[in-house]
């Protein structure tokens, strides 16, 4: 049963606190039936995201593709190029334009969720990726 599973820690990166909070609220405590509860590790800078992934294995990272200072797409490529393969999480990106899907794919996207964030779509994307990781 899901209630007996240990919580899973997920990374969320955005330089905008409101965006991070929106993502966290959208997913809720449990992204889907049969999945464990989630705990969030929030980071606001690319350096903090890289440091977090170096120190801990996250099964999934939600990265803000529209972050002003450094897009989550760039952060993902940096992580993929510098971190040991066993520490690279699955990436879920938030993107504003459908045309950016190819950039997300280039950055190794497991899923993309468009802005404005639809809670159901975000929750389903996270649930699908976590199920694939199990």
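Even glycines carry a Cβ here, placed using N, Cα and C.
TrEMBL labels come from automatic prediction, so no person has curated them.
Residues or ranges marked as domain 'Response regulatory' in TrEMBL: 9-130. Taken from TrEMBL, the feature 4-aspartylphosphate covers 64.
Across the range of the domain 'Response regulatory' (9-130), the DSSP-based residue counts are 56 helix, 28 strand, 38 coil. Per-residue pLDDT, averaged across the domain 'Response regulatory' (9-130), gives 95.
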